Ligand code: CUA
């Protein structure tokens with residue numbers, strides 16, 4: 001599910017073809033060099049004239065490999081423009097804004113009608129639609145990469161980069177930060193869920209309609225606000241308006257927590273809240289081991305109920 005050689009998107013398919021063409025070109029040069037080395041070493045030692053050897057070195061050692069490499073370079077350069085979003089004339093069907101943080105992803109869906117849905121640490125896309133990602137960073141250089149769907153693109157502080165993807169097969173894929181950005185760089189992943197277009201629209205509608213703060217576990221909401229969690233996290237429909245941590249509206253419906261690291265199930269939410277700095281070294285979220293068991297479990301139950 002995180003393989004560039006099992007493409008599920010238009011861009012990834014081009015990258016996979018490029019990879020195999022490069023492998024074939026490299027193997028051709030390698031096989032040729034091995035063949036002439038064996039020929040020279042085993043059968044024809046000292047039997048060719050100096051002039052023939054010179055021609056051999058010129059053609060076999062310079063012209064042939066240079067020809068193959070130039071052909072591969074020309075093919076790669078020819079392929080490159082189609083992977084660049086600004087070369088595309090058509091408007092994307094959907095725009096998704098992604099802001100990289102140490103070590104999580106802020107995700108905003110911009111629909112054609114102007115409505116926005118804020119999420120974090122998970123990307124959902126409709127199959128068969130052109131999606132344009134606007135990529136920026138709040139701190140370090142990160143890199144956004146869903147190998148099964150396309151090439152990677154850096155998130156650079158102070159810059160806005162764009163990446164255009166078209167998913168061709170529904171399914172659950174894995175994305176990963178592909179640029180070293182600190183201690184928990186390896187733990188900065190995210191699920192990329194490609195859905196049927198209608199299912200995706202319904203999912204977005206639901207994110208807009210449902211007042212996210214409503215969940216049956218009222219005591220959890222109170223504890224969450226009392227402990228100041230809302231200074232860093234936003235939960236739509238409550239007084240929690242923080243923006244320095246991941247948006248937790250609808251966190252209960254996410255597949256993972258801690259940016260692709262833990263399944264969103266069982267005691268993982270409690271574990272993350274109580275021991276965030278050991279679960280995710282370098283995380284800017286302080287650990288809360290001092291919270292009582294009751295507070296921890298009621299906060300986790302409330303968050304888990306935010307679908
Ligand atoms: Cu973010 Cu590596």
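Glycine too: its Cβ is placed from the backbone N, Cα and C atoms.
What TrEMBL records for this protein:
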- 91-206: domain 'Cytochrome oxidase subunit II copper A binding' (DOMAIN)
- 215-307: domain 'Cytochrome c' (DOMAIN)
- 12-36: transmembrane segment (TRANSMEM)
- 56-78: transmembrane segment (TRANSMEM)
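For the transmembrane segment (56-78), the residues of the chain that approach it from at least six positions outside its boundaries are 18, 21-22, 25, 28-29, 32-33, 36, 48, judged by C-beta separation under 8 angstroms.
The average pLDDT for the domain 'Cytochrome c' (215-307) in the predicted structure is 89.
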